[in-house]
Amino acid sequence: MIELAAQDSTVRALLLLGIFGIVAGLSLLALFYGNRRIAVRGQLDQLSAKGIMLGETIGSSHTESLRTREAQTAWARLAAAVERAGLNLTDTKSERLSSLLRQAGFPSPAAPRVFTLVRLGMIFVLPLLYVVIAFSGDDPPSFLKTYLVGSVLALIGLYLPNLYIRARADRRKEAIINGFPDCLDLLLVCVESGLGLEAAMDRVGREMVNSHPLVAELLMITVLQLRAGATRDEAFRKLADASAVDEIRAFTTLIIQSDKLGTSVANTLRVYAAEMREKRQMRAEEKAHRLPVLISIPLVACMLPTMIGTLMLPAAVLMVRKIFPMMTGG
């Protein structure tokens, strides 16, 4: 049997797939029984701590908001189905993960569970795809190579979603920072023309939909929260948490303090808008000063060898034609 598996590539591929399936099945089985006990214990603790009554539970099920229903996307329903099967997708660092996903533009409550499900899927799917593709050809790889490549692909599947989320969060943060000075200038113009802060944010949000959509989205969400009855303090603190940008955190702090102390919002906007313009100019100057250093890298690596070769080629030809024959006595 061992000799047959070593000689026949099809049998060897089936054997490897069988081993992979057994290991994956045992792992999922262990996770199923372990997480099911933890999930049941956690639910019992929550019920005993909060004292939830049956009537309140039934009433809350009928008052489910439209936003919650819309948030149940296909991925969210898939994650819920996996959790109902017994696999707990709640991360141990769920609060930090939720904050990172909100910074990347995924504010849904189901986003951490969907993210964990995607990571688990990539860990198993990438090695399985490699095994299927590698052993479908005429020259299958060895067992050691299959194991090493599969392990590397599993690690890639584990860390690639994290890298994507962090890169997306950085791009979103940069887009918000670039559009926020223009937002402050427009807010200042609207407030000085006689509009209130809420009306000014509504107008600026509608005006900036095409130029800076992320900033417009943050403004519109804040306006909707104010219209829903939230205080200015609560709405602006949620704005700072949703943006995760230091400049917006400072802006919301200034607005909250101006509201509490009774100072002019227009003066606050004027001072902070001037400061943001200076910061944007400093960032542009920093990029301009960094540009020669970045240009020198391709210059030294690509252009300098060509220039040296062009200058040295005539001397090298002259040396080959005249000096070498003299040295050899020709």
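Each residue, glycine too, has its Cβ placed from N, Cα and C.
Annotation comment: TrEMBL describes 13-33 (among others) as transmembrane segment.
As annotated by TrEMBL, transmembrane segment applies to 117-135 (among others).
Counting only same-chain residues 6+ beyond the ends of the transmembrane segment (147-165), those with a CB under 8 A from a CB of the stretch are 100-101, 104, 115, 118-119, 121-127, 130-131, 134, 141. The transmembrane segment annotation in TrEMBL covers 147-165 (among others).
Residues belonging to the domain 'Type II secretion system protein GspF' (184-312) score a mean pLDDT of 87 in the model. TrEMBL lists 184-312 with the feature domain 'Type II secretion system protein GspF'.
Remote same-chain residues near the transmembrane segment (291-320) are listed as none (criterion: CB distance under 8 Å, separation of at least six residues from the stretch ends). The transmembrane segment annotation in TrEMBL covers 291-320 (among others).
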